[in-house]
Amino acid sequence: MPFSDFVLALKDNPYFGAGFGLVGVGTALAMARKGAQLGLVAFRRHYMITLEVPARDRSYAWLLSWLTRHSTRTQHLSVETSYLQHESGRISTKFEFIPSPGNHFIWYQGKWIRVERNRDMQMVDLQTGTPWESVTFTALGTDRKVFFNILEEARALALQQEEGKTVMYTAVGSEWRTFGYPRRRRPLDSVVLQQGLADRIVKDIREFIDNPKWYIDRGIPYRRGYLLYGPPGCGKSSFITALAGELEHSICLLSLTDSSLSDDRLNHLLSVAPQQSLVLLEDVDAAFLSRDLAVENPIKYQGLGRLTFSGLLNALDGVASTEARIVFMTTNYIDRLDPALIRPGRVDLKEYVGYCSHWQLTQMFQRFYPGQAPSLAENFAEHVLKATSEISPAQVQGYFMLYKNDPMGAVHNIESLR
């Protein structure tokens, strides 16, 4: 059979015609679908703007809080429970509803914005065990200003929630994370130290903060180290907390006895510490003692973690040490510290925070019992120092708590302080 006759036979065959038509329709639909996909990709690439924020970014928590204010019509929600402490000391529970993982739409500044919250169950945070998350914002147009506005609004909202409070950070892995909820700022005058001590430290640290150019012009590293030493319970940590509130700084708590802390991790943590923060190394004597003592008894005075003594020294004042940093160290036993750790450059100001003086006792009495005659405070201080020459502010405060509304009882029962 000639080929032309074969083609005519197929053409006249109704089954073949129907099959060919189906193939043609299927091909056309497949091409249309592919074209629509390519068109959608091109449209999203050239006419839409996308912002992805991973969970480890600091703005992630800000944006989730911001979404609770702008997604009131969302029906699929997750809950975050927090505890709020009032000025009176009463604690109440607060529930915040945030969009659950999935797609949501919000109306913002005259345009619809698609919010996609993703949760990857295959990846978890090794420190907390929570799944890895990210949130993606998508909007029509190519103007990034809408995302800048969202981030600025979220940041302002977060700062508003932290206004008048001190934020605590703790080291988790290779980053700093907020520790608990922001605390009310403690007034600086609520911590009564020896006369003039608080003023000296505040004056020194304010001069440092206000004069970065002075350090730069003279080629001096722009960092400052402080050491507060003295008996326990005398107000070293309390003063640093109050000082952070006075300066409107946060506090970064770093434990040198952490078994996972290494030289590299310490260097990294100091280099990425949040802006406007005080890095606090408490009880440094517990981590590293004098090298002379270590030679005498290497097992007893061996460092608890992987952090080496030379690594700590280099992190505080080495080639790789960071600038624009304020470090506070505290210890109960300064004689146990290696001289290399507290030399100038690593520790610029050392202050002894000791037992209560006569002036401190009168000031504490007047603060706890305002309106009482100054002579009563003087009488209290004299009798306390006669009863004992070594008494810490923590002991005095605990004693005052027994006589909250009874100043005369506090004066007449001093013998119990012995």
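Just so you know, glycine gets a Cβ as well, placed from its N, Cα and C.
Features of the protein shown, as given by Swiss-Prot:
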- GLY230, PRO231, PRO232, GLY233, CYS234, GLY235, LYS236, SER237: ATP binding site (BINDING)
- TYR181: phosphotyrosine (MOD_RES)
- 2-15: topological domain 'Mitochondrial intermembrane' (TOPO_DOM)
- 33-418: topological domain 'Mitochondrial matrix' (TOPO_DOM)
- 16-32: transmembrane segment (TRANSMEM)
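PRO231 (ATP binding site) is surrounded by 16 other CB atoms, counting those within 10 A of its CB over all protein chains shown. Sequence-ordered, the extra residues of this chain that approach the ATP site, with Cβ no more than 8 Å from the Cβ center of GLY230, PRO231, PRO232, GLY233, CYS234, GLY235, LYS236, SER237, are LEU228, THR330, ASN332, VAL353, SER392, PRO393, ALA394. Residue density at CYS234 (ATP binding site): 25 other Cβ atoms are found within 10 A of its Cβ, drawing on all protein chains shown. Separating the Cα atoms of TYR181 (phosphotyrosine) and GLY235 (ATP binding site) is a whole-number distance of 22 Å.
For GLY233 (ATP binding site), the Cβ neighbour count at a 10 Å cut-off comes to 19, with all displayed protein chains included. The binding-site residues considered are GLY230, GLY235; of these, GLY230 has the fewest other C-beta atoms within 10 angstroms of its C-beta. Cβ packing within 10 Å was compared across the binding-site residues PRO232, SER237, and the lowest neighbour count falls to PRO232. Compared over the recorded positions TYR181, LYS236, the count of CB atoms lying within 10 A of a residue's CB peaks at LYS236.
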